[in-house]
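Engineer: So Swiss-Prot says this about it:
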| type | residues | note |
| --- | --- | --- |
| BINDING | His54, His58, Cys128 | Fe cation binding site |
Amino acid sequence: MPLLDSFKVDHTKMPAPAVRLAKTMTTPKGDEIAVFDLRFCRPNQEILSEKGIHTLEHLFAGFMREHLNGEGIEIIDISPMGCRTGFYMSLIGVPKNARVLEAWRRSMEDILTLKSEEEIPELNIYQCGTACMHSLKEAQEIARTVLDRGISIMDNEALKLQL
């Protein structure tokens, strides 16, 4: 089985919160696709709470689209990592890391402005597979931690595993 790109980086060296351009590819029609690693916490040292990451999944995708889409960039998907240390974001176009960082920072600020769980999009049994597993408080704690620590940009060369 081929080794996936995400397993070719040394997770012990990953800073967090941090942005990493994980992969780029070109479709047969010539569209550029980018995948970003948005690492919220240090692998094997911290983990995002299940309610917090689930609520972030509902909020983060919308706020990131508000702040990042445009000028040849369109988010395809933002999904939580199985290890619960961050999210992968797939896009049409390849924005600069600094632009992604700024959109992420602004999204965390947006999350802190919410007053109640009624403001969480698609939080109902018809649109969410586990509607009872949410916590705005935990999502806001994660957002506050990201802002307090500051977001950096990862260096792919420094993270490359010597296989």
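A Cβ is built for glycine as well, from the same backbone N, Cα and C atoms used for every other residue.
Each of the listed features needs to be described in terms of its position in the shown structure.
Structural biologist: Other Cβ atoms within 10 Å of the Cβ of His58 (Fe cation binding site), summed over all protein chains shown, number 17.
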Engineer: To test your reading of the Fe cation site: which residues beyond His54, His58, Cys128, same chain only, put their Cβ within 8 Å of the Cβ centroid of those residues?
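Structural biologist: Along the chain, the qualifying residues are Thr55, Glu57, Ile120, Glu122, Leu123, Thr130, Ala131, Met133, His134.
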Engineer: Below 8 Å Cβ to Cβ and six or more residues apart, same chain only. Which residues does that give for Cys128 (Fe cation binding site)?
Structural biologist: His58, Glu122
